[in-house]
Amino acid sequence: MKKFTAVSDVDNLQEIIKKALLIKENPLSEPDKGKGKTIGLVFLNSSLRTRLSSQIAAQNLGLNVLTLNAAQEAWNLEFADGAVMNGDTVEHIKDAIEVLNQYCDIIAVRCFAGMKNKEDDVNESILSQFEQHAKVPVISLESATRHPLQSLADCITITENRTGERKPKVVLTWAPHIKPIAQAVGNSFAEWMQEMEVDFVITNPEGYDLDRNFTKAVPVIHDQDEALKDADFVYVKNWSSFDDYAAMPEVKENWMLTNEKLEVTNDAKVMHCLPVRRNVELSDEVMDGENSIIYRQAKNRIFSAQAVFSEILDELNAK
Ligand code: CP
């Protein structure tokens, strides 16, 4: 694997899921694979799971880990090409990436959508600069439009929790929130589910359809109860409007996931990438109930990251 920013970077999804599940059985099976190499984890936005699971995964492979919480600890970065930097910004992202090239064998970056300029976000204005200027493999720790390490963890979680021979029905359901949230997790989950052997549907209120470049032919149902019928997995996530970019059109019905709503499912397992706003996106009873596999899903973030780092190291070690 040369880089990891989308599902298209994975040669064989089933193989990498299998690899991650083997790593889960024995996380220290390749303790020297990253020996003498350094991964830089650069966070332009907050994180709990991605930061810690990536650190554990890298350490399990013997990698040196540099973590930079850039928004708090680094110089104020400039992202605009040709900017006259006579204001608040102190260091251009191009220069920061060139310096990271000197220190790191792999650069992983978290760069959320700015949610102000749709074109900038759709075009991945920050991640694209890393892809352009990095001389080492780039890994996305969530970008403006995708969260691939989360999606791989989601695929691992569905694979290990599915039962029976039947293709599982997986429903991605929109959930309420108090502020505009990016579409990255929803987009990414939709992209990855289309590569899995599942029946996949999305349900969201009118005005909240995701970008069709990600959802393609996936059915989008605007009636949540209808969509939840016979579901084996329900993935709960908020996102703001894509069409009316970053807006939050009014929603009259109650979309928060409750045990009552789960009654029409096939005893569905409930997933969420976290962090979650309890009793806004889903109820305490769902979060703490027997159907929730949310903490198992969070644990799988380690094995998702480790499988990806391991494949990137295969490429580096072969040079
Ligand atoms: N799910 C996820 O990416 O969590 P963090 O934002 O805490 O990393």
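Just so you know, glycine gets a Cβ as well, placed from its N, Cα and C.
Note: TrEMBL annotation is automatic and uncurated.
Note that the coordinates shown come from a computational prediction; the quantities given were computed from them, not determined experimentally.
Pulled from TrEMBL, these are the features on record:
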BINDING   SER47, LEU48, ARG49, THR50, TRP75, ARG110, HIS147, PRO148, LEU149, GLN150, CYS273, LEU274, ARG301  carbamoyl phosphate binding site
BINDING   GLU142, HIS177, LYS237, ARG277  N(2)-succinyl-L-ornithine binding site
DOMAIN    6-160  domain 'Aspartate/ornithine carbamoyltransferase carbamoyl-P binding'
DOMAIN    185-310  domain 'Aspartate/ornithine carbamoyltransferase Asp/Orn-binding'
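Using a 10 Å Cα-Cα cut-off from LYS237 (N(2)-succinyl-L-ornithine binding site), the binding-site residues that qualify among TRP75, CYS273, ARG301 are CYS273. Of the recorded residues, TRP75 (carbamoyl phosphate binding site) and GLU142 (N(2)-succinyl-L-ornithine binding site) place their C-alpha atoms 21 Å from one another. Proximity of the binding-site residues TRP75, LEU149, HIS177, LYS237, ARG277, ARG301 to ligand 1, judged by a Cβ distance under 6 angstroms to any of its atoms, singles out none of them. All chains included, 25 other C-beta atoms sit within 10 angstroms of the C-beta of HIS147 (carbamoyl phosphate binding site).
For the domain 'Aspartate/ornithine carbamoyltransferase Asp/Orn-binding' (185-310), the model's pLDDT averages out at 98. Nearest Cα neighbour of ARG49 (carbamoyl phosphate binding site) among the listed binding-site residues (GLU142, HIS177, ARG277): GLU142.
The record assigns SER47, LEU48, ARG49, THR50, TRP75, ARG110, HIS147, PRO148, LEU149, GLN150, CYS273, LEU274, ARG301 to the carbamoyl phosphate site; their largest pairwise CA distance measures 30 Å. For the binding-site residues ARG49, HIS177, LYS237, ARG277, ARG301, the largest tally of other C-beta atoms within 10 A is found at ARG301. Cα-Cα distance from SER47 (carbamoyl phosphate binding site) to ARG277 (N(2)-succinyl-L-ornithine binding site): 15 Å (rounded to the nearest whole number).
Residue density at TRP75 (carbamoyl phosphate binding site): 12 other Cβ atoms are found within 10 A of its Cβ, drawing on all protein chains shown.
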